[in-house]
């Protein structure tokens, strides 16, 4: 794909001022010449005799050691030379002079492994110099190169001030097997499985005409329910069915409206009574695991209760229209807001309340004006996430508090009735049952038991235990779409249905196109940028020529930790293609980016980039979500035309959020918690309610087994004809052409994202220049360098938190830390990063603890004065991407002593004392006493810190003292 076609131009001008730019025609010829010359040089290395490879090197014009083989005459034609190779040899011979004077940096040349040459006046050496690799110095300092390292710490390497500049691509230019690159996978097309049912409408489900009209005219939802709505609404709307409901449906199928519509309709008759207002108290409570999901439900509820209360307001003349009063006011309780303001709203009355568990329990215990004695509805949304985040104790306390308040209110109303006689007890003839108790207004609030609705996309054993504690005689409802648009309600009661539940448990929408890219750790950054550029380009063309809504161009990128989000957010906004390494404005740009709601990138023009993670304030979260969703603000009102945007986030945005028109989800890091369930929740942010979507997963070569043996084996895709299939038929669809996750070629991804002439390696040169732009930004100031180092260390710590079942695929010891550092635009060896990690920890500690931290740093004595440059050159040469970190004495191994001191200071400063260390030792002793330490005696530092942190937070299970940690802030998983 050419740059002129993708609509996203990259400025590949050299940082230093040079001569006039070369014409596009000459650039294309140069790219072809480089491609042909590289292939010819590769054949020369194979055909050259052994004695020719040890020719003494000669000094080149630029002072770079160049082997004599670089000046060899064109190779003679061999006997078995193919026609294609012959054409390449002839073309390379005729254009060798043009190739040698190419102004663009060639990342595959041998001298480029040390430092790239970008000066217009300098000549690039021939790629045939790679035949004498051993004779070349591993790292060469070029004084005249504008890409030379400067301004960074000198402890990383002796050869350059800024570190080691290594190439991204192998010398032969081939990244993967030709079978993957040339045979793209053809995925079978499916009809949407979570789209609204065509053969039914909301009116047939028993919904009030006011709500039917409001959904179609004001909320633009239409009149057709989804499969789960069609299955659940009749049970929730029927006045005689008071059973609790457990709703399970795939993500993006409309579960929020499934429980909000019955709540609003059940309260509409009360609006006909003129003596009832909002002071009646809270009648319905909805619990959500995160602040973002709670606010989203609140916003949907606000739109829902703003419906017209009579048909006359709809310009329809109907006799006998009942007059209703508007007192259904929703309320929101969540962390990050002022409790005094919330108490004022509760004192006035909030009939429908949306809250997070912790804040609701706080008000139940401390707010006396909080009236929940008449509560009729309790909804637990995303129940599996509530349990994973450790809210089980809060949920139990909430249910007990609601039961106690209900009994107190009912007893007080009974005693206030004229027919009440003191001394009576249940069973006596004069005893007034709960169904007959009325308040002073004559309302029988306690005639029906409180209904509990539990919603979840997955039903694991923990959710079933919670359902047993909170639900009474529950009914499990699943919406399954068939050819005839029929829905089925299933209750799991036997072994056969358990198998069916397992098949539906990990179901992805059929219209979601899932792909994965096997990415070497060096190429993670440029591959992410290529995916973003290619999708934005496709969405922009689709918006211009096909559909203005289908190509919205909104992308969500999931990462493993908050430091990684902050680094990529600042790097995309600060990297410039023509910037210098000593740009003094880099620190100011990073500081401005941290304060701004969004940033824009020169690499992805006219597309705002937002971020979202758990360490942001509530106001920053709200601003990011509103900006990404395209809600009209001062900035978005000025934007015209294409409304694409990018959201960089952690797993905090993976559950329940219905962000509008998200067309693509990219997972830079596989989920560290939850496994396949978390993966499905992430990809469920797109392809919602029948819309198309695509998802991309970046995996390292050693992580391919997780895709093949976990995702492919345990995930199903429900097609429109799978409702009538048995479980064995559904499982058999993963074979052959119905593979669920498509392997994609990294070469094609880079080609589409970076552009350039098809059939050449020009995209590799462009990707290298983009990588160098990020590296120049990192070494240009202290703040960018600090962000990159923190992101690298946090990523390694987060990688170590994968569950024991996934350690065979995600083993931190199998990481090539040197190549991984390249993904964070670092030129320093990870050993030196480990030594600098104490400074990172000190920058995040309070001022009162600086002295203690400095004393701890003085005790760290890593051997960082010398670095093994030969090991750097051999391991980081770019010729192979296998992991070498299993070898002892690897130069790219983290300084464990420095990291241990860093983590000790982090844990110690978390609670201001050394209590966490004692708790860590107690946790290890408790685990050893329970028999856990027999098989897992060698716990990682991350696991020990997680035990200590969870102990400090007071979140522990009751199984022999062994702890279960979820979303610990130290590890920045959420």
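Note: Cβ is positioned from N, Cα and C throughout, glycine not excepted.
The feature motif 'DEAD box', as given by Swiss-Prot for the ranges 373-376, 377-380, 381-384, sits at 381-384. Cross-referencing 836-887, 888-939 with Swiss-Prot places the feature region 'Disordered' at 836-887. Segment annotation: Swiss-Prot labels motif 'Q motif' over residues 200-230 (candidates 200-230, 231-261, 262-292). Taking DSSP states H, G and I as helix and E and B as strand, the motif 'Q motif' (200-230) has 16 helix, 0 strand, 15 coil. Note: the motif 'DEAD box' (381-384) comprises 2 helix, 0 strand, 2 coil (DSSP; helix = H, G, I, strand = E, B). When each of the binding-site residues 250, 251, 253, 256 is scored by how many other Cβ atoms sit within 10 Å of its Cβ, 256 comes out lowest. Classification of residue 255 (ATP binding site) by DSSP places it within a helix. The number of other Cβ atoms within 10 Å of the Cβ belonging to residue 249 (ATP binding site), over all protein chains shown, comes to 25.
If you take every residue in the motif 'DEAD box' (381-384) and average the pLDDT, you get 90.
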